[in-house]
Structures are given as structure tokens and as C-alpha cells.
Amino acid sequence: WEFNGSFHQPSAFLMVGIPGLEALHHWISIPFCALYLTALSGNCVILFIIKKTQSLHEPMYYLLSMLAVTDLGLVLCTLPTTLGIFWFNIRRIGFDACLTQMYFIHILSFIESSVLLAMAFDRFIAISYPLRYPSILSKTTVTKIGLAIILRGTVSLLPIPFLLKRLTYCGKTELSHSFCFHPDIMNLACTDIKVNVFYGMIVLLSTVGMDFIFIVLSYILIIKTVISLATKEECLKALNTCVSHICAVLVFFVPMIGLSMIHRFGKNVAPLVNTLVAYTYLIIPPALNPIIYSIKSSHIREALFRALQRK
């Protein structure tokens, strides 16, 4: 602990693996390793295929590349501490290191949310205005969208670590997860956290909350356009291009909303449920997204098969 008058700040926090199953951590690490390897290899393959295949140099696949890079970042943020607990029982993480990990986890989560919104916009333009699609979503426009997404996440979350450093912590230093999460750290403080709660809610609602609303609105407009199409075959073909994106949206937003609700309102929720939802939120989407897009996108499948044949 570091003392400065009435200001108390821990030198480190203690992370936990899966509550009640500590004796089985070595066995539990096997499926986690499989998920991490799937996420790392799958997203790297997606990036490699898009880079090497000239026909995939289109806005839709540029946005998919952004999603893959974001998923790789999320995996690399949580992998060291999660496997460190499961393999070596390394529970201690320094205070500043914890704030740094938390900052990048939240930034990457917000970026993923924004990329999914951009992909919904891409599908809307492709289906509703197919002739104007190349001019609306040019390479320059996609680059500007990517930079805006990064700037939005970085700036909106910049005050969070400083708001946590101003708090006084006393007594309990055990976190609820094998990674650092803003509400988790905030709830360990023994001083007034109203500013943290208010700012956290404002940022969450104005970023991820708004992204989700606009994604839903995009699909309402897409469905409206699809209904107006002449034949059933055209309707199904148009909707089929959205299936992989809808799956990615559900895989990301459902556990994220669940985890946010648990941290803010689920005081009596079992620790095991809290932990499992957190792992689902941070590990499952990066592992599933490459599989979803590889299965549903014929262009990526064909490019992958060609690359394997050349090897």
C-alpha cells in the first residue's frame, strides 16, 4: 500500500481465475488455450488472405480487417494474465499495469463496437444504393472512418485511469476476473465513486449504446429495402450478405450488455456466473468471428482454398 495522508492506493491488485474451481485450473486452461489459438490463428489468416487477394480489396473487407486487428488486440490484452493464473497461479498485477490493461481492453471493446456499426452502414449502402456504393465508401472514406473510430475510443476513455487513480482504496484488493475491468476496480474503492459511475455510464451509453441503436436502425432500413425488392431470390440474396455481420453483432453485444448489467445491478449474482459472462465477452467473439466470416463469405473461402493449394 502507498499512503499519503488519508489517501490510500494499493501497489497491486489480486486477480482470480474461476471461483470454486481453482484446483482444476490446469485442466480448464486447455479449452482456453484452444480458444486463444483459434482467435490468434483465425484473425491472422483473415488479415493474410485479405492482404494477398486483390479481389478482396474492397470496403467490406477493409472493415473486416479492422475487426480482425481489434480482436487480436483483445486477445493479446487478456491472454498473459488469464493463462498466467491458470498455468502459474500468478495473481498479482501492479496498480498501474492494471489500469493500463483496463484502458486498452475498454478501448478495443469500444473500437469493435464502432467497427460493427461501420460494417452495418456498409451493408446498408451496398443493399440500398448499390450503384453509388463505390463512390460513397471509397478507400479514403474507409480510412477516415477507421481513424475516427480510434480517436473516438481513445479520447472518450482517456479520463478513466485518472478518475481511478484519484480514489482511495482500503482493505479489499481482489478483483473479480483474471483481467482488469473498470467497474471491478471502481467498486474496490472506499470513497465516493459517483463521478466514476456517472462518467462511465455516459461514455458507455454515448458510444456502445449509440452504436447498438444505429446498428438496429440500419437493419430496419435494410429490411425495408429488401422487402421492396421484386423477387424472393433477390431478397434472400441480399439478406444472406448480412448473416455473418448479424452473428458478429450478437456474439459481441449480448455478453457485453450482460456483463455491464451484472457489474452495475447484479450484486447478488454468483461469482461463477459473473466470471463466465466476462470470459464469453472477451474471448468468444475473437475466436468465433474468423470462423463465422470464413463459413459465410464465399470470397474468403475461395481465397483461402487457393492459398492452401499454392502451399
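From the backbone N, Cα and C atoms, a Cβ is placed for every residue, glycine too.
Copied over from TrEMBL, here are the features:
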TRANSMEM  27-50  transmembrane segment
DOMAIN    42-293  domain 'G-protein coupled receptors family 1 profile'
TRANSMEM  62-90  transmembrane segment
TRANSMEM  102-121  transmembrane segment
TRANSMEM  142-164  transmembrane segment
TRANSMEM  197-222  transmembrane segment
TRANSMEM  243-263  transmembrane segment
TRANSMEM  269-288  transmembrane segment
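With a threshold of 8 Å between CB atoms, the same-chain residues lying at least 6 positions outside the transmembrane segment (142-164) that come near it are 59, 62-63, 66, 99-100, 102-103, 106-108, 110-111, 114-115, 118, 182, 185-186, 189, 195-196, 199-200, 203, 206-207.
Residues 16-21, 32, 35-36, 38-39, 42-43, 71-72, 74-75, 78, 105, 112, 176-177, 179, 181, 247-248, 251-252, 255-256, 258-259, 262-263 of the same chain lie 6 or more positions beyond the ends of the transmembrane segment (269-288) yet place their CB under 8 Å from a CB of it. Summarised as a single figure, the pLDDT of the domain 'G-protein coupled receptors family 1 profile' (42-293) averages 90.
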